[in-house]
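Here is what TrEMBL says about this protein:
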type: ACT_SITE; residues: 2; note: active site, for GATase activity
type: DOMAIN; residues: 2-184; note: domain 'Glutamine amidotransferase type-2'
type: BINDING; residues: 97; note: L-glutamine binding site
type: BINDING; residues: 230, 266, 340, 341; note: ATP binding site
type: SITE; residues: 342; note: site 'Important for beta-aspartyl-AMP intermediate formation'
């Protein structure tokens, strides 16, 4: 993932250029390969590049033929070769997949965004009339923020830290939207059928679903640099790895880097994910890299994680920390892109609380709400935890075409039904249950859902709670609503994270970018109403799904009083080709 920063309509001075360069450097972790800055009058476009496609010539900002249109982009356009064929009268300066954007704008004006198949955030400046447009991908896989200065300027940045100190107000740029200087406001360019939340009725066809997901994975194998897959051993990442391994041999990437797939997993020693991932890796024949961390390693990284992830949401921080640590190890091996499994639980109702969905209408509405909020949670985590180390994460479950297929299925088929042997995400499991050419071992294909923050080792969350309890007193909690009136923390763990966040991002606009509300096992506040017992056990861990998770917390003890201790862990050395890694 690259880092972009744009300052539009500001004072034109050398001091402003110096400030833009200074702020752009705050995003250099996202793009360590090259830096670019373009100025036209009172507009600045800055870019920090992570080179994945055409590393030699794809530096940004990018331009049309006469340089009257300039673009700074963070993203990957998977159908760029197909789009180039439609632009027969245009000459391209680079082989970058993002080079098509300026030319599409010349051909189609502001209405071209829906033609892009990929993930992206971009700012396009038309110097002929000094107008500009800003757009973000459909689901918000790439991170993006917009801010406004007192001098009338508009600011755009990939991360909060690129604009929070210079804007009077700023907010998360809404996914699937376009901002136009000509209209002076937002409009939604992404308008899929499922967005209305009306219950669909298309019969479930496992082969249609299978092919749609295979296509989503295959198109993301577009790369000119070494890559691998994140493999937790759960259903989602295992399917991504299986399909990648199955189709890699015939790709351009295989010709450049070989057809031997590399997989990566992180966890506490003895964690559920490590064991399951190792088994899947052996089954698929990947070169498997297993990274261990201790609870103390994770706690020591919390401040860095909050600075990079830019949230105080409890479940996001819990899950981001292992991913943050793993991403650093992966980058050290020379890998610049990874495939990941985010988005499946939102689309198929994979979180364990979906067991309590009262009917198919509420089940479907909850999946819609979850997808619409992904940019605040899992997309934010996957994007920023990897980008912190100059690593790109690609998420095939959030492919536009695949989402359309999956969200058109009659949700009756997605409902959990124990009497019929249907567990969570049954429609996805069934689609890849192939007796003749199996994708995965049966017990992996039907493994119960583990949230990433649980699967890396249950003592991880217990250790975080114990650490927070040692730093946040009961007296501090009594005043929590006065200190933090917005999204008041209700647990010591949440209070601890909030203190760190406010130190890095003290502005009111910053705290408003983080979602709040009651949640159990990652549910929305609305779904908490599905089970009366959940109201007394609000915690984002999957183990909060009482009566569902095989290792659920007991129902009697309030969550903030669960006994927790930091488990002593002996450092472990693992031999991995070319590198020794210490836990």
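Our numbering is plain: 1 for the first residue shown, then up by one each step along the chain.
Even glycines carry a Cβ here, placed using N, Cα and C.
Annotations in TrEMBL come from automatic prediction, not curation.
Long-range Cβ contacts of residue 340 (ATP binding site) within its own chain (separation 6+, distance under 8 Å): 229, 230, 237, 240, 382, 393, 394, 395. Here residue 266 (ATP binding site) is positioned 16 angstrom away from residue 342 (site 'Important for beta-aspartyl-AMP intermediate formation'), judged by their C-alpha atoms.
If you compare Cα positions, the residue listed as 'active site, for GATase activity' sits closest to 97 out of the binding-site residues 97, 266, 341.
Same-chain residues at least 6 positions away in sequence with a Cβ under 8 Å from that of residue 341 (ATP binding site) are, in sequence order, 230, 232, 234, 236, 237, 239, 240, 395, 397.
Its Cβ taken as reference, residue 342 (site 'Important for beta-aspartyl-AMP intermediate formation') is surrounded by 26 other Cβ atoms within 10 Å in the chains shown. In sequence order, 53, 54, 76, 77, 78, 80, 118, 222 are the residues of the chain that are 6 or more apart from residue 97 (L-glutamine binding site) and have a CB within less than 8 Å of its CB.
Residue density at residue 2 (active site, for GATase activity): 28 other Cβ atoms are found within 10 A of its Cβ, drawing on all protein chains shown. Across the residues annotated as binding ATP (230, 266, 340, 341), the widest Cα-Cα separation comes to 14 Å.
The binding-site residues under consideration are 230, 266. Their Cβ neighbour counts within 10 Å are lowest for 230.
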